[in-house]
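Asker: Please see the structure below; I have some questions.
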């Protein structure tokens, strides 16, 4: 009977694990329309052909044909190289990861079926929110790029020296440049949004994992679940470490090159020349910040789990002594000083607190049911969590807020050094 029930359950589970949900269908449609889907050989061939046309051929022709005079587009080389390198980095990262594990396993969507209904609904909402933000941001930047390109082609002093009809020539060149810009920018931002969605999914899993401390559970299941989460975060770190590190190097080099060419002597800096450079910088820096913030946030949640476990251990220890007949009597307890309960401040701080505060970072007392778990087991679990904190790592370095502060200080120091070499500040 049990085998029959298992056999009837497996097809439903298999169909669910094939990840045919609306969210994944929308994501696959987005990647397919952008020619980033490489789930089979035919789509991979189309993806690489589109990449070489829009990220290599069109920018090359645009730079060497439209910039036929040095003063016509002085910063075009930095823009074209930066966007093409970002698109190449994105498509290489996505294709390598999906080819090894498949798209569904790459995003860990095959594990969503084992989560609670609340976690599945929250993940669907987070996935929709991520790509809605991506669409709005990309549409805003594309509108600014369209306005800038139309203005540039309409009011440029020099015309493109091809064809007899300059209007038709300008329209064709403008459409090709806008298509290439949209493809390269969207490729980089989609890769960043995929990483953000993956991090958000595991943040939800960490929040679900924190709920086990409110239940009557043994230490061994908690330990196994934490090991599973750490393994998944290790896989994410392995998949995206090259993308994040290469993205940091790329964006840093792009911004330093932009500073170098705009602050050099006799540089012609105005909106007509630097508008496209500014839009390129906004897209690249925003994508990098999305990745770094998502990585730091999931690391922060993993570290908050240790604090939550320590609070659970303290509350369980206090409760166990409260029911112990050997403990001091009720009279001595009444003589102890009384402090306000943590819940008394919840209404006062509701208006000024963070809207994203969850159980991991809550300040309320944890209701425990851990009287059956010995003190030694709880202490061993807390010690383990303190020495094995979950988070995103890049070649062994944990991407947390301290790491981001260090990177920011290094970037600022290099930026000031570069300014000192170009405009002579001290």
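Yeah, the Cβs are placed from backbone N, Cα and C, and that goes for glycine too.
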Asker: Of 318-339, 340-361, 362-383, which range does TrEMBL call region 'Disordered'?
Answerer: 340-361
Asker: Tell me which range among 133-155, 202-224, 294-316 TrEMBL lists as transmembrane segment.
Answerer: 133-155
Asker: Looking at the candidate ranges 77-97, 98-118, report the one that TrEMBL labels transmembrane segment.
Answerer: 77-97
Asker: If you check TrEMBL, which stretch out of 16-40, 41-65 is marked transmembrane segment?
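Answerer: That would be 41-65, the stretch labelled transmembrane segment in TrEMBL.
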Asker: Please work out which recorded stretch in 41-65, 77-97, 133-155, 167-195, 274-292 has the most C-beta pairs separated by under 8 angstroms from the transmembrane segment (240-262)?
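Answerer: Maximum Cβ contact count belongs to 274-292.
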Asker: Please give the sequence-distant neighbours of the transmembrane segment (274-292): residues at least 6 beyond its ends with Cβ less than 8 Å from one of its Cβ atoms.
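Answerer: Sequence-remote neighbours of the transmembrane segment (274-292) are 75-76, 78-79, 82-83, 86, 137, 141, 144-145, 148, 152, 185, 188-189, 191-193, 195-196, 240, 243-244, 247-248, 250-251, 254-255, 258, 262, 399, 404.
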